[in-house]
Amino acid sequence: MSTFVGVLVSDQWLQSQFTQVELRSLKSKFASIKNQNGKVEVGDLPPLLAKLKAFGEMYNEEEIRKVLGESNPDMRSEIDFEGFLRAYLNLQSQANARKGSPKSSSSFLKATTTTLLHTVSESEKSSYVAHINSYLRDDPFLKHFLPIDPASNALFDLARDGVLLCKLINVAVPGTIDERAINMKRVLNPWERNENHTLGLNSAKAIGCTVVNIGTQDLVEGRPHLVLGLISQIIKIQLLADLNLRKTPQLVELVEDNNDVEELMGLAPEKVLLKWMNFHLKKAGYKKTVSNFSSDLKDGEAYAYLLNVLAPEHCSPATLDAKDPVQRANLVLDHAERMDCKRYLTPKDIVEGSTNLNLAFVAQIFHQRNGLSTDNKKISFAEMMTDDEQMSREERCFRLWINSLGITSYVNNLFEDVRNGWVLLEVLDKIFPGSVNWKQATKPPIKMPFRKVENCNQVIKIGKQLKLSLVNVAGNDFVQGNKKLILAFLWQLMRCNILQLLKNLRSRFQGKEISDADILKWANKKVKSTGRSSQMESFKDKSLSSGLFFLELLSAVEPRVVNWNLVTKGESDDEKKLNATYIISVARKLGCSIFLLPEDITEVNQKMILTLTASIMYWSLQQPVEDSDSSPSTTRTPDASPGSSTNGYPSPSIIDSPGVSSGLTFNGSSSPVATASPGESPAPSVNGEDDSSLGGGEVSNSTIDDAASDSTVSSSQVENEDTHPLVAEE
């Protein structure tokens, strides 16, 4: 099995300015403009750079030519790849200067982890190291390496084997990774290390982290800004986990009447935290409103009022009387320590307004003492609003899938965040580039209701062009938040994306449409080829609940990935759960980006079973090994797969589609048309997007073989709903 080899640049500083995903993408684009002699001239660069998203909205070709001319007057002179990278950085710095300081993202979890500045905050590093030392100090494996010295680079060295990342994810969201799948030895070979990083990255996506443009090679190298950025996101997810009504129904006390509860459910966790903070500050008599975790907290007054109302027994008048902000910040932290709050920041961090550390500190205060009533009549109302378990799991799956695409928006609450149509338009444009007419779309915040309807109407229009089943569904159905219709639409969209990606691979060999039946047939054939007799009759075959079939399938595509000593017989519920948990971690370790839960396997949720099978199939078809389904003369190479650096194995995942265009483009309002030849396979771009497509043709419109399937959206009949229902077609 070959492993990923990074793009190497002789200039170490230049190498440090880019991630491996960026370097692979830029190298691919640079190679595409070489002339017959294999050379590139300076004059060839402007058309290429103008097409990149980083510059396309800001510069035209002439402006880029002028910038390049300042350092390279002769446009006919030859330029090598390193010269191209320097030109890119020069243009990037001028673009940043033209834009000015970018506004911070509305969601901390969406904060980018790949910048050209690559600065590492020592305060943040120290705080995250303290967090790791505290939560993982008793871990049987890591206790030999802890505590980490925050003053050294030991954190980045320890992260090189991938074990720390996996363990930290399990602390943030317990049970995400089956630790039996982690390679835990003192010395790991490159293959085992890549497996750990692949498992960690795919699991990070599965809990809501944004990992676009981070590859396993970046983590193997221990690149500080990437490692710290990823750890930062994981810790934030842990600290903000309880800031929702499902986990903390007492939060309903923050709203005055029941009509505001739905609005509260739609808020991002950090917005809920601010609302909670202002709720207590108002009770304490604080006159200002805290709107951010930076400038509004610099003087320390808000902290003083908050802690005085939450823990009056530790209250000290000296805190508010202090004139010096640093002195007040010191007193605030002393007060917090008496409440047993972990010290995530220093007085200097408060005075300087460190956003990330202030957020962590306030979240810790909330965990320690939220000050909310435990006996509130509204709590029962809040609990009544939570969805049924099946719907909640699907909401989680589609929300995480959307966030993994690398779109601008970050989805915190699926049903609330898609109601204005903007997120759905972003998703459509991401997986079907050119499908959205942005001139007819309205960007949030949207005050006029009819603008939301217009956005959603365009979503429906594009969906019909893609031949999705949208019987009598109007944009207003999404605006009103019809949960069944939203889930059904997103399922069709995800499935459409899956089948298109598979077709793009298979079209190199047979050029046929891919259907659910083809995926089923492939899986059974793959397992049978290893001499085993098990098979699945359909994606709702109850025998799949044992998990044995998928373990055999995973073993068939990569014999080394399953440790059969850890597999149970799958007879009891506990044994099935163990197998299901192991399956998900093994699939992610292989390189599959999947968002299902163990319950989806044990209960045989046919939608999630399909995505799991298709993900394994997609990975397998990209391996540089001749497949029995392909012609004998054709092989697949790792470099043919976009995003391959994110996996321990040289290929991407089925729905890890940032940078993977589905091969459809749109001409205005017309139907999708193919633009790329079947054999094309682009490298991902610097921004996690792809400027080209993988193949053409319409998506197979076959449906899952279940009369009760949600794969068809309709609003013409009602089934236990006051609004529009979900009607299935066979």
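Every residue, even glycine, has its Cβ placed from backbone N, Cα and C.
Unlike curated records, TrEMBL annotations are generated automatically.
Given the structure is predicted, the values throughout are model-derived calculations rather than measurements.
Annotated features, as they stand in TrEMBL:
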type	residues	note
DOMAIN	122-239	domain 'Calponin-homology (CH)'
DOMAIN	267-370	domain 'Calponin-homology (CH)'
DOMAIN	392-498	domain 'Calponin-homology (CH)'
DOMAIN	513-621	domain 'Calponin-homology (CH)'
REGION	624-730	region 'Disordered'
COMPBIAS	630-642	compositional bias 'Low complexity'
COMPBIAS	659-674	compositional bias 'Polar residues'
COMPBIAS	700-716	compositional bias 'Low complexity'
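Of the ranges 122-239, 267-370, 392-498, the one with the most Cβ pairs under 8 Å to the domain 'Calponin-homology (CH)' (513-621) is 122-239. Sorting the domain 'Calponin-homology (CH)' (267-370) by DSSP state (H, G, I as helix; E, B as strand; all else coil) yields 71 helix, 0 strand, 33 coil. DSSP places the residues of the domain 'Calponin-homology (CH)' (122-239) in helix, strand and coil in these numbers: 76 helix, 0 strand, 42 coil.
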